[in-house]
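One structure is given below, encoded as structure tokens.
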């Protein structure tokens, strides 16, 4: 309920009085805010006067949220200078002047034009002044005053959050703090009880309570269990006016969750479990799962499974699945139905994170009995060892037994077994095995130096059930036998200087042996018996598997002996002793004073001075190159003489061979020697090639007697036959032309130039009667359309 009050504006009136001023006198008034000094100039001879201000203001008070029909009256401005004649004008400036606060400029009355809210603005500072309407001058100095807004209870308490969320461990004691809620009131806390807030609980009892002054929520019941109820919703009210009737209030919701603690042990849902496993299950095979229930959550529900006792603790194992908190029973060792068919295990489940506060509730673990039965299956044969190692001498005879593998059927039936060698591991078929008893024997000779180890695989298979088989690796080591003689380690290029001295070391030799004796190699060097006392060189055994070649005289001559052959015997110390003879070639060379080789060739002594072997080789190369150039030049010149007239390889048309000799026409009988046409016995040497440029254009022709009775047609046929059988003729057809047709020819002239002078078309059908040789001409000139074609 809002109350309305009016405050009387207190106006101070000041009485004007005159104070005479002297240099030694001064008057003050503690109530005066400002002074106005008026006076005349000294020339007027009048005394100065000081006038005291005629008004003074105190602060005004105004209620907020005014809802009356009229504007709320604030106060009145008035000065002693106002005579009531309307000459003065009151002006109001400052916070809200003209909008919130309006003034009557004639009377000075101030009113609030709008409803005010203290929570928005609680203090307004304004300034007032009075002006003479006629002169426009201020009759009083500007004065400042304050309007304060008095608060009313118009705002309810508001919580800082619309909804709160809190957690608290389960099983907490009474009075355990959960969360603190806070509400604020926008009203003036210094004026009345409008902003005094009191907290209370509307929903959530009897589980929780709230402190009325601080807003702290606390537990009200002991041992609240999360497993029974996890979520709680509490409604808190905040009320102003100290919680009295008529105060405004606000509410908020607090969601409280009980967090888990490890207050529950794991429990198996049943006391025993039954599983089975085939005896062939390999280690690590999962047989089944068991699970103990724990109502807790998170790490409080983590369980660790273990086998506490039982006759199968060595054969089986149990692991924990961290995702499902289940225990997985697995095979730890190979099972054997023939040995044991039933195992019993005692499995224990315990919490991994027990809470010491609840240990008094009992042990946080549980046990269950697990029985596992083994099932019989047909198993493959089992070898007596996981692998076999056999050592055999490399000189063992073929067909000898080198070892044996043993396997048996583990089943009760004890089926018979046959053995075989996996040929993928013995491609050379060096070894074989007796299928009945597994004895390995040799099929081919061995060579340790070639292959010191052989790794084969033996397969054992049940005869009654070939699908049941197993494999075993067999490692065969070949033992060394001293069957190789030692030999020189390298090929030695040994030389001796012509100026060598006796006792000089010219070469150190060493030996190698493919055998590997157990005590290591030991070699001995000596000259062959025939050269035991060699006049030129000696062998000194260094006792470290090396030997030195020493000179036995001073000076050697290349001209007499350029090369010495020194046979050396090398022995080993193994049984049986092996030896070999190696021949060392020693060349005699020319050396400088330091013993560095310069030349070892004996032929170099026979060359003349100033001409070395390199120079001789260079001279021979030059001679060979000159000969090759001469041969190439001659071949090119010969090929150029036989250059064909027809250059283009693509031109396969009929070609006319021409010569650079212009004739004188049909009447010129001197341009061409027709002796050839008249002489059927013309010599072949005078025949010219038609496809090669003649070497000489004009040749001396021999005349022959003219035979009038010669048949030109037979001559032409003869020439055509010669051209067809000539291997030097080109592969295309050539038309040979002759400048004379002969006497009394029935064909007359075949010239195409003469045919132009005739008035009518000539008949060439007779060309078809001349045979296949003239078929081309008959096709060209025969018929009515030949000219147009």
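Keep in mind that glycine also has a Cβ here, set from the backbone N, Cα and C atoms.
Looking at 541-572, 573-604, 605-636, 637-668, the range tied to transmembrane segment in TrEMBL is 605-636.
The region 'Disordered' annotation in TrEMBL falls on one of the ranges 271-294, 295-318, 319-342, 343-366, namely 271-294. Long-range Cβ contacts of the region 'Disordered' (271-294) within its own chain (Cβ-Cβ under 8 Å, at least 6 residues beyond either end) map to 264-265, 300-301, 303, 305, 316, 321, 324-337, 347, 349, 351, 366, 368-377, 379. Broken down with DSSP, the region 'Disordered' (271-294) shows 0 helix, 13 strand, 11 coil.
Helix, strand and coil counts under DSSP for the domain 'Cadherin' (384-488) come to 0 helix, 47 strand, 58 coil. Under DSSP, the residues of the domain 'Cadherin' (269-383) split into helix, strand and coil as follows: 10 helix, 55 strand, 50 coil.
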